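Quick notes on the structure that follows.
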């Protein structure tokens, strides 16, 4: 115990050399040695806010001091647990406030500078005020632990979104801020968004992270207006370190909540706090959304998730079957992957139905049963989406593109470097990616033998241009509408 106290005294001595008198008294005067357990030395702080600030500001420096003096295995653990000799007597309703301001008696004895004392007093009042305003006992009830990066299956359709999400978790607020992940229903947007929250919580224990659906965000806002607690609503969302909002498209046509989101966005963004959103379409395709809010979404990274190709669908089906303990021939699973082309959710639903047949009916799965299950899922999908039942024909896409842009087959499949022809190829690649399940390699073969990277560049370029160029956005929207109608 005595050795641990000496180590803590050493740390204080070294820290004091590098801080001004005022800073040292603000952060270290009220710390108290609590106990030592093995290599852990526990230090008591006056309150939770003080604990968080000490960890944030000085953990790295303390570690350097320990290593420098040969205490490589020693870990300093800060806690707001009071010392064992701590009196429960409270001078006011806020004991933390009493403890914090008691430091001024000592400070006054050691300095004659009234200005220095006043400066510190003002700063501490500000910290205490912030502590009282910030939400305490922060909980994140909507994060589901089952969503992780480890059980997310990666393929060419979602790799960029996956890598960006993982990077955000490791360094929130640094890169890709804000980030908007967009794509159709059941493709894994929620899985990635929840994984960001879970991984960030695992790596950064002190951060306040909140996942919420756009619908719940709206409902909370409406309720706060009804109960005259809008101030409480603002505090909840503007003191976060990371805000994750799912299905942002649900806020279309709702001007009041868009206004609130705009101000919440600004408050967090200007304080380098991480924002991540999901949407069923790119920002340029959002309707009844204020331009200034849409412009905020495009400040950072916009990344899409498209429908999975066969290889990824097969991997998803196999993993789901393994998780559910289903032992069926691989050709059965491949048939599911081949026929269910809509999204991840439908693939998993098909495997769940297979399990039900096995567990409840105790029958052997054959091709006939699989085809029956697939038929049920495909019919349900057609009834519950606005997508056309017939697959959009590649030739129809090309026909409409050539007609509207007034170019020829030779132009689109050739090697002309004319700007208008190059632009047409970019658009063709973008349309094929959005209306078909073709991979970038397959699209490249259709457009005159272009490489994967060339096709990917074309798709990303049009996506960026739609955000920045109104004329291009209008052209693409018009082409897409004509293709859908055709």
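Every residue gets a Cβ built from N, Cα and C, even glycine.
Quick look at what Swiss-Prot lists:
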| type | residues | note |
| --- | --- | --- |
| BINDING | 186, 188, 189, 190 | ATP binding site |
| REGION | 1-79 | region 'Domain I, interacts with DnaA modulators' |
| REGION | 79-141 | region 'Domain II' |
| REGION | 142-358 | region 'Domain III, AAA+ region' |
| REGION | 359-486 | region 'Domain IV, binds dsDNA' |
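Averaged across the region 'Domain I, interacts with DnaA modulators' (1-79), pLDDT in this predicted model comes to 86.
In the three-state DSSP reading, residue 190 (ATP binding site) counts as helix. The most densely surrounded of the binding-site residues 186, 188 is 188 (count of other Cβ atoms within 10 A of its Cβ). For residue 189 (ATP binding site), the same-chain residues that are 6 or more apart in sequence and have a Cβ closer than 8 Å to its Cβ are 161, 181, 182, 183, 246, 278, 305. Residues 186, 188, 189, 190 make up the record's ATP site, and a Cβ search at 8 Å around their centroid adds 183, 185, 187, 191, 192, 278, 305, 343, 344, 345 from the same chain. Secondary structure of the region 'Domain IV, binds dsDNA' (359-486) per DSSP (helix as H, G, I; strand as E, B; remaining residues coil): 95 helix, 0 strand, 33 coil.
Assigned with DSSP, the residues of the region 'Domain I, interacts with DnaA modulators' (1-79) fall into helix, strand and coil as follows: 45 helix, 16 strand, 18 coil.
Cβ-based neighbour count (10 Å, all protein chains) for residue 190 (ATP binding site) stands at 19.
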